[in-house]
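The structure that follows is given in the form of structure tokens.
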């Protein structure tokens, strides 16, 4: 087979083969350190260069002009090329796939592992077979580290990547290792068949555990596919957690040569559980339906300063599935509280509001369960949701830059994607992004704009609480209800405003339905959970109700779909400096917005781009 043969080795040759197997396994494991060291060196060089020059990035003399870096210093030309490469690398090959940068990284790492698997194997077929398994096993500790859902993640700290990007690399490495383990199993089965010992070896422990381990690894890789996560997040998450635990036990009994890697996996897994337990707490909270919508909100008061300081806008937490009735002490409820969790964005400013607010659309799965709890409580109480114990793990995420360094910040949200955008907008305009700045705005000179597309106006009920300045401006004019795609500037401050677009109901007509098809067709990806059909809805009420006039002061409300091209052009045209663009919404909205922002990246503008999404 490809020049490899079944060779008979002496004891000395077998010892030499074992030495090479262990050597290349160790090289495979520790080679990631070389990558991280080179990355830190690159970060240091960049820091040293810009610390020395002490100069701001060159600005275009006119916002709409293309930046000319040809006459600039070499480091600015290099910085421009790096910016363009990052933009290219962050583009997905197609919807639901990895980004181009992740694919390049995966290809390079696959070729490196492939080299380690074949180098110095000679013509020994069994050496090749064993090497594939050893090299793949050497990556398992790294795979478990990449899965670390914590601010203490060393990979996240050393690479400066967001939690979502690190998890994407975790998924990519899992697929690579599935291929290598598959080749290892296939080569061994071919050897057993050719040698006529399949019926004998298939009953032995090392072969049985090897096949079970490969099936488990393949199952984890398969259930991590995006369409399965979107179909049923619970299947993905539960399968992943359970098999990750069992896989360690299976591999311990496979062969002794990989036990060092297995024990490292076990140590990392135990550390992960300790960190998760440290970040898990049970707090009293309430669950309620938002009238006129199919949204459910979870409110958790934060009474202590210690709790307030832990949570910040832009972060998310994992909420365990609460029991529908009085909790009972049994293994099923314990398992549900530990592993039947879903991610929810923190939709409030904890330092300012003194509470955690979680909002999600009611879809199949845990959100339906939350809606059922809210419905049962509403029918058995006087209208005020009772307090129940809620298990929360987190916070996670929020790897964001200092927005004071940008000339403009553009926040775009679709549906409940505003649970990410609204708290950021409020923290930048009202303050409260941290525990010590709840009174004063964080950003003064930066232009901050929030564009929010919703199906119904009622879906904005949760966004701006009574304590926010939005409700305190009694002398502000009422919001407009223009049907124009380009609404007038916000009647509030000159450098910040909110534009809300209602895409359905209230006379939207065929145009609103077209909006729903184009802009909100992917509502199942609409943030919190990757689950499909909507099955529970709150009670329907009118679009405008009591308190809406007051609530929407200093905001502009329009019918129809936002003109994202005009929104982007406006954000970049008001300044010549760096612009931060953050989006959280359906994939169609994200793709369209990215396309328009890409025009300005091509003109040499400094752009920070962040598309918030959940899938793990």
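Using the three backbone atoms N, Cα and C, a Cβ is placed for every residue, glycine included.
Please treat TrEMBL annotations as automatic predictions, because they have not gone through curation.
Got these off TrEMBL a minute ago, pasting:
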TRANSMEM  27-49  transmembrane segment
TRANSMEM  172-195  transmembrane segment
TRANSMEM  207-228  transmembrane segment
TRANSMEM  235-255  transmembrane segment
DOMAIN    270-402  domain 'FAD-binding FR-type'
REGION    464-513  region 'Disordered'
COMPBIAS  476-491  compositional bias 'Pro residues'
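Neighbours and distances for these, please.
Tertiary proximity for the transmembrane segment (27-49) is limited to same-chain residues at least six positions away from its ends with a CB under 8 Å from its CB atoms, namely 75, 112-113, 116, 134-135, 138-139, 141-142, 158-160, 261.
Beyond its flanks by at least six residues, the transmembrane segment (207-228) meets 96, 133, 171, 174-175, 177-178, 181-182, 184-185, 188, 192, 201, 235-236, 239-240, 243-244, 246-247, 250-251, 253-255, 530, 615 of its own chain at Cβ-Cβ distances under 8 Å.
In the predicted model, the domain 'FAD-binding FR-type' (270-402) shows an average pLDDT of 82.
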Would you kindly list the residues that approach the transmembrane segment (172-195) from elsewhere in its chain, counting only those six or more residues past its ends and only Cβ-Cβ distances under 8 Å?
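Contacts with the transmembrane segment (172-195): 1, 6, 98, 102, 105-106, 109-110, 113, 117, 125-126, 128-130, 132-133, 135-136, 139-140, 142-143, 146, 201-202, 207, 210-211, 213-214, 217-218, 220-221, 224.
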